[in-house]
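Annotated active site, proton donor/acceptor per TrEMBL: Asp153, in sequence order. What TrEMBL lists as Mg(2+) binding site is Asn15, Glu394. If you look up TrEMBL, you'll see Lys22, His213, Leu214, Gly215, Asn216, Gly217, Asp288, Cys289, Arg290, Gly336, Ile337, Gly338, Glu339, Asn340 marked as ATP binding site. The substrate binding site feature in TrEMBL is assigned to Arg96. Summarising the annotation, TrEMBL assigns site 'Transition state stabilizer' to His185, Arg246.
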Amino acid sequence: MPDKRANSGQVLVLNCGSSSLKFALIDPRNGDASLGGLGDALGHSAPTVSWNIGGEKHSAPLKEGAKHTEVIEFVVNHILSGQGTLLQAISAIGHRVVHGGEKFSHSVRINDQVIRAIQDCVALAPLHNPAHLQGIEAATKAFPGLPQVAVFDTAFHQTMPRQAYIYALPYELYTEHGIRRYGMHGTSHRFVSERAAAILGKASTDVNIISAHLGNGASIAAIQAGKSVDTSMGLTPLEGLVMGTRCGDIDPGLLLHLGVRLDYCLKEINDLLNKKSGLLGISQLSNDCRALEQAASEGHQGAQLALEIFCYRLAKYIASYHGVLSKVDALVFTGGIGENSAFIRENVVSRLGGLGYQTNQARNLEKRFGAEGHIESATNGAPSPTILVIPTNEEWVIARDAAQIIEGDNSTPSAQSTGGG
Ligand code: AMP
C-alpha cells in the first residue's frame, strides 16, 4: 500500500502549447517527478498522449480533434486513477505561462482577475497565452476547487532597468502598445542563478551571474544580486542569440528589404525568421546541435559555419554582459545544448580568453547528461573566472512556487502592476 503522507502535496505542472500539453507530477520538496508526459498533435486528426510513470513508458491515441481538456481527463481517468493515492496527493496545479507583460513580476494564484490579465497579454504571445488559458479552463473542470498557480516566463526579467528594456523607438509605442523588451526563459534563469549561488556557498543576493540557457530556443541573462538586469530576448523570443530555427539579432532594415525589394509578405517573413533561420537556416541541414556537431566533424561546411556563428554570437553577448555587471561570480551553461555540449562550451569559452576564461578539458567533458559542477581551469597561473554547468529544472520551480503560494508563504494573490519596472 503506498503511504499517502509520503506522496501528499504533489503539484501537477502543466505546460500548454497551441497543439501540445506537457504534464508532470512533481514533489515540490525535492523536484522528484512521479509522472511525466506529453499530449501531442492536439486539435489535429491523430492526437496522442505519451507518458512515463515508475520508469515505464506508455502511449495511447486520443480521439480525433482532442484538445487540452481531453489530455487532462486522460491523465485523471486513465493514468492516475490506477495509481493508488497519487490522484488524491495533488494539492495544486502549476501552469507555465509564457507572457505576463508588465502585470506580473511574481508567480500568482489564479483567479478571475489573473485570467483577465493573461488574456490582456494575448497580443504579446498570440500562440502561447491562448493555449495557457485553455489549459487553465481544462484544469478547472477536471480539478474543481483545487488551487492553480501561474508561473510566468517573463516575471523574472521584470527587474530590468528601463535602459535595458526600452527600444530606441518612438516612446508612445511603449506607453500605448506595451512595445518593449520583456525577455523569456525567466524561470530557468532564476533556477540556475539560485543554484549557482548555492554551489558558490553564497546567498543569491550576494552574487552576479551570467546565465546562458541554450536549447532549441536560447537566451542569456545578466543577473545582479539575484535580479535580472538584462536579457537577450525582447518583445518576442526572436531577439538575441542564434537559435535552432530563429535568427536572433538582425538588422531591422532587413525586414523592409525583404518586403519591399524581395516581395515577401508578413507571413513569409514570420516563417523565415522563426522557422527557417538560426542553425537550420545557416547549415541548410538541421536545427539540432547534436546532428550539426556530428556533420561538422565529418566536414559539412554549413554545419561548421552554423556552429561557429552560434558560438561567436554567444561569446559576444557574454563579453557585453561583463560590461553590464560590475563583477561576475559565475558564467552558467544550461538548456539542452548548455548542459550537454562540451564542444559548444569549449568553443565559446575559447573566444573569451581576453576575459581570463579557460575550461578544464576533463571537467568539461565530464559535465554532461545531468552532471552539475565547475568546468573552469583552476591550474593556470591566473585562474579562470568560474564556469558552471547546471541542469535546469523549470518544472521544479513551478511546483515550488505553487506549493509556496498555496501555503501562503510567498503569496502575491492578485495581478500586480510593476508600473514599468
Ligand atoms: P532543449 O530545447 O533545451 O531541449 O535543447 C535541445 C537542443 O539540445 C538540441 O539542439 C539538441 O541537439 C541539443 N542537445 C541535446 N543533447 C546534446 C548533446 N549531447 N550534444 C549536443 N547537443 C545536444
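Glycine too: its Cβ is placed from the backbone N, Cα and C atoms.
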Rounded to an integer, what is the Cα-Cα distance in Å between Arg246 (site 'Transition state stabilizer') and Asn216 (ATP binding site)? 9
Using C-alpha atoms only, work out the spacing between Asn15 (Mg(2+) binding site) and Lys22 (ATP binding site) and round it to an integer in Å. 5
Near Asp153 (active site, proton donor/acceptor), which residues of its chain come within a Cβ-Cβ distance under 8 Å, counting only those 6 or more away in sequence? Arg96, Val97, Val98, His99, Gly100, Met184, His185, Gly186, Thr187
Select the most exposed residue of Arg96, His185, Arg246, where exposure means the fewest other Cβ atoms within 10 Å, treating these as the recorded positions. Arg96
Enter the number of other CB atoms within 10 angstroms of the CB of Glu339 (ATP binding site). 23
Listed in sequence order, the recorded positions from His185, Asn216, Asp288 whose CB sits under 6 Å from ligand 1 are Asn216, Asp288
How far is it from Arg290 (ATP binding site) to Glu394 (Mg(2+) binding site), counting Cα to Cα, in Å? 22
Look up Asn216 (ATP binding site) in the DSSP assignment and report helix, strand or coil. coil
